[in-house]
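Positions annotated as active site, proton donor/acceptor by TrEMBL: D204. As annotated by TrEMBL, divalent metal cation binding site applies to E18, N154, D204. Marked as substrate binding site by TrEMBL: R101, N103, E121. Summarising the annotation, TrEMBL assigns domain 'SMP-30/Gluconolactonase/LRE-like region' to 16-264.
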Amino acid sequence: MSSVSIECVAREGCRIGESPVWDDREGALLYVDITGRKVCRWSPVSRQAQAIALDAPVSSVALRQSGDYVITLGTRFAALKWKEKLVTTITQVDKDKANTRFNDGKVDPAGRYFAGTMAEEIRPAVLERRQGSLYTLFPDLSVVKHFDQVDISNGLDWSLDHRTFFYIDSLSYSVDAFDYDLQTGKIGNRRSIYKLEKEESIPDGMCIDTEGKLWVACYDGGRVIRLDPETGKRLQTVKLPVDKTTSCCFGGKDYSEMFVTSASDGMDKEWLSRQPQAGGIFKITGLGVKGVPPYPFAG
């Protein structure tokens, strides 16, 4: 096993850094700052992050096949043109709820954009329960709602054979699996494949590696854990120098580097003085596994 190395590559200090995704076209890492209301793009060449400020909490970003990006903004699916800094609403969800916003989102292997909602937080991880839903934006720009009664819709990914959809509703402290129909985008037969242990705290963002194992960022747990979805066993724990680890993705030239986002919201001065890198973006090397490139939205 090669030795694992962790470096804070972007120290700008997101309030809630989330949704890291590697943009191969730009050779850069995309991510969002939800409560900071911005989409960021960090270049490993310049080692700088550019940011676009937005008018609402922006909770996920994804590549778009036709170029540029799609985002979840407030309760809207929207298109983002980077150079023009132009945002165009595609469609809105949760119109009957005044107090929700989108959270994590990701594109499936067929180019559909999955994203879920949650109630606005009173403080980190404290919110009105069961207000969220899981949605899919199809390439024809229609939207389907899969289910509601969600607390905090979070990490999502698909198995390598595309037959299983993995999903996290954070306050269930569980990583769940569904049977997945790639032709239709339908999900069913929900079951728990891993329950988090106390010190792992709250499951947040998630990604998959080329061996079919899941990586889950543990909010307030200060770590990412590697899970075997077949056996339900934890295989590896990588601890980070910040508590509020929020999400993870693979990137870099050959997808062998892992990027982890983090948050600083909800931390007092004393806590922040102990963890000055809170809200930073971390790069982990030496894991000995590679990730799966992200799928672009086909619409």
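In case you wondered, yes, glycine gets a Cβ from its N, Cα and C as well.
Locations of recorded TrEMBL features on the structure.
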| residue | record | contacts (Cβ under 8 Å, 6+ apart) |
| --- | --- | --- |
| E18 | divalent metal cation binding site | Y31, V32, D33, I34, S59, S60, N103, D104, G205, T246, S247, T261, A263 |
| R101 | substrate binding site | A56, P57, S59, G74, T75, T117, M118, E120 |
| E121 | substrate binding site | L127 |
| N154 | divalent metal cation binding site | N103, D104, G116, Y167, I168, D169, S170, P203, D204, G205, M206 |
Among N103, D204 [recorded positions], residue with fewest other Cβ within 10 Å: N103
Cα-Cα distance, maximum over R101, N103, E121, record's substrate binders, Å: 11
